[in-house]
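Undergrad: Here it is: the structure, laid out below.
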Amino acid sequence: MADLHETYLRKKEGRGEKNIDEEEVTYRGGGKCKGNDLTKQQQQQCSICGENEERQMLSCSNCNNVVHPDCAGLPEHVVKVALNYRWNCIECKKCTICEKPDNEDAMMFCDRCDRGYHTFCVGLSSPPIGNWICSSFCADHSVTAMDSTCTA
């Protein structure tokens, strides 16, 4: 897992912090994140840095570990999208298409939504150099519009 984690951190460029409020967080089912949900997340320790500073955190939908987005190397535009679906941390990440976590060397991540994909599941022989945008959720959406549309 260490190699995949290092690749993940190298692949993700840019760091962004933004405090979010209740009105900005709408989940895929249309539900809103309550203010106290964010408070609970903020009181937990980041599974990467171990700090529990009061700033935005993402919670893994599988293991419930929380991370500071900047500790995970996630830029602000990716965080906005990740808050709208059942996001998974690097340890729980699996391919969106086949739903399997194996073949880590072939796993890549969308640079707009952070979902994982095997190269062979999307018809590629190797991970592309540079940014890659998934066609499942994000390819048809502009960067400015993706906050609300890259969430199916």
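Cβ coordinates are placed from backbone N, Cα and C, and glycine is handled just like the others.
Curation plays no part in TrEMBL annotations; they are all automatic predictions.
Found this in TrEMBL, in case it helps:
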DOMAIN    43-95  domain 'PHD-type'
DOMAIN    92-140  domain 'PHD-type'
Undergrad: Looking only at the domain 'PHD-type' (43-95), what is the model's average confidence as pLDDT?
TA: 90
Undergrad: By DSSP, how many residues in the domain 'PHD-type' (92-140) are helix, how many strand, and how many coil?
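TA: Final tally across the stretch: 6 helix, 7 strand, 36 coil.
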